[in-house]
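Here the structure comes first, spelled out in structure tokens, and everything after it is commentary.
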Amino acid sequence: MMIKRSITTNMKALRLIQPHLLKTGSLRTDLLCTISSFFSSCERDFSSISNGNVCFRERLRSGIVDIKKDDAIALFQEMIRSRPLPSLVDFSRFFSAIARTKQFNLVLDFCKQLELNGIAHNIYTLNIMINCFCRCCKTCFAYSVLGKVMKLGYEPDTTTFNTLIKGLFLEGKVSEAVVLVDRMVENGCQPDVVTYNSIVNGICRSGDTSLALDLLRKMEERNVKADVFTYSTIIDSLCRDGCIDAAISLFKEMETKGIKSSVVTYNSLVRGLCKAGKWNDGALLLKDMVSREIVPNVITFNVLLDVFVKEGKLQEANELYKEMITRGISPNIITYNTLMDGYCMQNRLSEANNMLDLMVRNKCSPDIVTFTSLIKGYCMVKRVDDGMKVFRNISKRGLVANAVTYSILVQGFCQSGKIKLAEELFQEMVSHGVLPDVMTYGILLDGLCDNGKLEKALEIFEDLQKSKMDLGIVMYTTIIEGMCKGGKVEDAWNLFCSLPCKGVKPNVMTYTVMISGLCKKGSLSEANILLRKMEEDGNAPNDCTYNTLIRAHLRDGDLTASAKLIEEMKSCGFSADASSIKMVIDMLLSGELDKSFLDMLS
């Protein structure tokens, strides 16, 4: 009745202003738009009574999954136009559904429109806003909504705080998240296990396992019972830190408290034990897992396969793979990639290709890691052309080569002496928008130096120094070695001496390379001084360092210095390498040394 009265009034008003609107052409257009809009609104007013509420409520009841932006906007407009207005429960349900599709900014726009239409928020819609701001990494705005929550007289609940904590971790604000938990307690809002699990997970991801353990003890003090997720997260973090004993201790504590372990807990422990070389303990734990009727999953087997492959135990890996199939567990891309990498590392390329065929037959699509492993395998046996054929087929499968793929092939060409092809591939990499990293540049510079293109290497190195790329000691060592081999020992020495000013600390390899350069130049006294400086700087010489100096002194005819260095080398647990032994034998045969020197060397 009210709507009809409103329409009658509006019609009278329209008749009164009609003569004025028709005076100009532009206003005639406005009139047509106005009339059209007017009757559309009338139609909507009537339709909303009969169909509107039924329509959107039916949509909400049936569930909104993967709704597109335009459809969401249309549905929201329908809700806003409906009379009577939908309840805040309906709006909350709608906003939550849109948020689940990760259209967070759209939800925030809807919330703003809700306010503009004079519809007040409740704690549920405000919590949804906080969640959306947090998921967009805008916790500062989320805090402003929290202020609104309090201003409206609502009490922030654990959902509010849990959401804020997750948002802080998304932005890497670990300390702020921990402080927020304490603030919750101070404000009389008791954090629940979900709150603590969010904090523990975030802290462990940031690498601060000790802080996670402290938080576990705080949970006990505050009478919040930790669950399997809490313990499993910390156990996994301890295993990744190499603290296996502490992880086992926490595992036993968990069992004592009656918290049943999950397959995730066992997976972490098995991985940790195997990586620490405790094979028997890992096997026993696996048996314990099965005896407790906790079924190993594909991750369990992948963990064990990875360890076997990295240890070079490919036979054991194959047996484990067969066991996996027997148990009815389907291999995934990680399983196949791990085994393929193992075959390639042992130059068993035929078996690697068979595994590739098998994964395709089993409807498991190879990824870039799969083909990169195969390319690496070909390059390792100097079959870089075959590796290149695999590389050219990658794009046909809809895959894009990454920096690792290109780097492996560039290295393959460099090691095969095909430096021109290496340079061409490097240029192709850049032209295809794949940014070379430090590893790629290091490989290229090393290849250029080894293939007599020092000047080209220095040109690239100079450009890199001007860039913002963190070159690292490996890159500098490569160039210093290239300079020394190319007869630019003075330049190498100047670069070596400038390293501290660049904030780069020389390592054992850097010192050894520089000592070798000084020896080739005949500057043995400087090489000896650098040996002692190396020790003072906390870099203990290795077998390569000693053998380099021993051979230099032998060439110089200083047998006394050579003998002293041999004794020092042996006392450090090192022995002569093949080059040193050959030199001594040659000098022995030519009469420059007696047999006692060879005895001392062995």
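For all residues, glycine too, the Cβ spot is worked out from N, Cα and C.
Computed from a predicted structure; not experimentally measured.
Under the heading transit peptide, Swiss-Prot lists 1-95. The repeat 'PPR 1' annotation in Swiss-Prot covers 87-121. Here Swiss-Prot flags 122-156 as repeat 'PPR 2'. Here Swiss-Prot flags 157-191 as repeat 'PPR 3'. The repeat 'PPR 5' annotation in Swiss-Prot covers 227-261. Taken from Swiss-Prot, the feature repeat 'PPR 7' applies to 297-331. Residues or ranges marked as repeat 'PPR 8' in Swiss-Prot: 332-366. Positions annotated as repeat 'PPR 9' by Swiss-Prot: 367-401. Residues or ranges marked as repeat 'PPR 10' by Swiss-Prot: 402-436. Taken from Swiss-Prot, the feature repeat 'PPR 11' applies to 437-471. If you look up Swiss-Prot, you'll see 472-506 marked as repeat 'PPR 12'. Here Swiss-Prot flags 507-541 as repeat 'PPR 13'. Residues or ranges marked as repeat 'PPR 14' by Swiss-Prot: 542-576.
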Arithmetic mean of per-residue pLDDT over the repeat 'PPR 12' (472-506): 92
Secondary structure tally of the repeat 'PPR 14' (542-576) (DSSP, helix then strand then coil): 26 helix, 0 strand, 9 coil
Outside the repeat 'PPR 11' (437-471), six or more residues from its ends: residues with CB under 8 Å to it: 403-404, 406-407, 410-411, 413-415, 417, 419, 422-423, 426, 429, 478-479, 481-483, 485-486, 488, 504
Tally of residues which DSSP labels helix, strand or coil - the repeat 'PPR 2' (122-156): 26 helix, 0 strand, 9 coil
Sequence-remote partners of the repeat 'PPR 3' (157-191) [C-beta within less than 8 Å, at least six residues beyond its ends]: 123, 126-127, 130-131, 133-135, 137, 139, 142-143, 146, 149, 198-199, 201-203, 205-206, 208, 211, 215, 222, 224
Per-state residue totals over the repeat 'PPR 10' (402-436) - DSSP helix, strand, coil: 26 helix, 0 strand, 9 coil
DSSP-derived helix, strand and coil totals, residue by residue, for the repeat 'PPR 5' (227-261): 26 helix, 0 strand, 9 coil
Tally of DSSP helical, extended and coil residues in the repeat 'PPR 12' (472-506): 27 helix, 0 strand, 8 coil
Secondary structure tally of the repeat 'PPR 7' (297-331) (DSSP, helix then strand then coil): 26 helix, 0 strand, 9 coil
